[in-house]
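One structure is given below, encoded as structure tokens.
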Amino acid sequence: MTQKLHIKTWGCQMNEYDSSKMADLLQSTHGLELTEEAEQADVLLLNTCSIREKAQEKVFHQLGRWKELKKKNPNLVIGVGGCVASQEGEHIRERAPYVDIIFGPQTLHRLPEMINQIRAGEKAVLDISFPEIEKFDRLPEPKAEGPTAFVSIMEGCNKYCTYCVVPYTRGEEVSRPLDDVLFEIAQLAEQGVREVNLLGQNVNAYRGPTHDGGICSFAELLRLVAAIDGIDRLRFTTSNPIEFTDDIIDVYRDTPELVSFLHLPVQAGSDRILTMMKRGHTAIEYKSIIRKLRAVRPNIQISSDFIVGFPGETNEEFEQTMNLIQQVNFDMSFSFVYSARPGTPAADMPDDVTEEEKKQRLYILQQRINNQAAQFSRAMLGTEQRVLVEGPSKKDIMELTGRTENNRIVNFAGTPDMIGKFVDIKITDVFTNSLRGDVVRTEDQMGLRVVQSPQAVINRTRKEDELGVGRFGG
């Protein structure tokens, strides 16, 4: 009888990527099939996030539910991974002794051995070490699920913003070798992927080793990925303003595959608060990046992250954030009230903004950005938009749905052969959460750029050096 795996994932896109790799890995090593029902599972994995408030309590609340399942099935294997596991591994073991496996973001590739250890009789396994980039060398080949895919290109962060736990939970910045990244993307392109989203906690800090001993910059990587035939839409998440160099802006000038939509976190509009956060840039420097981007891509839309109610933030400083929002004209945001993260420098600062004031500021900020987003959507009425078709519409299975470059959902009447391809749509209706339109052009009428076939990348000879690290030769 086939054994089942249930994974519950919280947090960022990197966690979503990690969870998909766990599923692929355990399917290849143990034949575990994914199930949406925890009650059916033989292995339960919780992939955690420590960014949000009360992250630890949320974990223990979920584990309490799974404890009841373990009482009914003593052979059930329970594992906790992700950033809370990395930060609170020993505490989880003490407070939830029924948890079998505790692993960090950098040790998920060791899950097969950990499960084997538990099934061989070991009481518990804890591995929250930071073996750099080893996990990518131990994961199975990627499997495409639809026309879009995430590809992790680097891990960790060296910036140590005062409010953030990422450097402590995912370690310092480590970039994947260039050829490993290109090989994975070429494999996905061979399977029909058309849009790739490059992932990293500080993605534009990518400095990937090349097979000849050199270093590939993030800007160079963007051009190389965009040149792979079939990859006709390219995104990246999450970037840092202090790493947003002019060579990246130049890619926006001459690389049509790179979308006219950018997520660039700023967190606040007050220079004093930015200094307290140790962000490493001013509001003017942030606006300078946006100005340069719009000089080469006038239609680019920007989303961002904001923290309101940071320790010591005054009403005047919050207004500076609101002024920045208006000046940049953000299309979207991930915005949150400040809450202290244990072990971070900001946790030692007086949290002197009341919860009521934080919530009020958050409401004001989100209303402003929602209004700006609605204006962007209304401006799309009557325009032609290139849409990547994802499948049948959730609203009407007789119609199709897809996304624009700026992440708007578009529903339209189409044919099944359009799924997984691009179509140009004239927008006829604008709704709160979606758009509607008519097909004006199919992919075979677009003349998309053709540079290098995925097979040409895959066919490069993969070799290993004396340390067993894979590389590509000529």
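Heads up, the Cβ atoms here are built off N, Cα and C, so glycines get one too.
DSSP places the residues of the domain 'MTTase N-terminal' (3-120) in helix, strand and coil in these numbers: 65 helix, 22 strand, 31 coil. The domain 'MTTase N-terminal' feature in Swiss-Prot is assigned to 3-120; the stated evidence is sequence analysis.
Residues annotated as [4Fe-4S] cluster 1 binding site in Swiss-Prot, with sequence analysis given as evidence: Cys12, Cys49, Cys83.
Residues or ranges marked as domain 'Radical SAM core' in Swiss-Prot (evidence: sequence analysis): 143-375.
According to DSSP, Cys164 ([4Fe-4S] cluster 2 binding site) is assigned to coil rather than to any helix or strand. Under the heading [4Fe-4S] cluster 2 binding site, Swiss-Prot lists Cys157, Cys161, Cys164, citing sequence analysis as support.
If you look up Swiss-Prot, you'll see 378-441 marked as domain 'TRAM'.
Residues near Cys161 ([4Fe-4S] cluster 2 binding site) in space but far in sequence (CB under 8 A, at least 6 apart, same chain), listed by position: Gln267, Met277, Lys278, Arg279. Put simply, Cys164 ([4Fe-4S] cluster 2 binding site) is 12 Å from Cys83 ([4Fe-4S] cluster 1 binding site) when counted between their Cα atoms. In this structure the C-alpha atoms belonging to Cys164 ([4Fe-4S] cluster 2 binding site) and Cys49 ([4Fe-4S] cluster 1 binding site) are separated by 12 Å. The two recorded residues Cys12 ([4Fe-4S] cluster 1 binding site) and Cys157 ([4Fe-4S] cluster 2 binding site) have their Cα atoms spaced 15 Å from each other.
The two recorded residues, Cys157 ([4Fe-4S] cluster 2 binding site) and Cys49 ([4Fe-4S] cluster 1 binding site), show a Cα separation of 16 Å.
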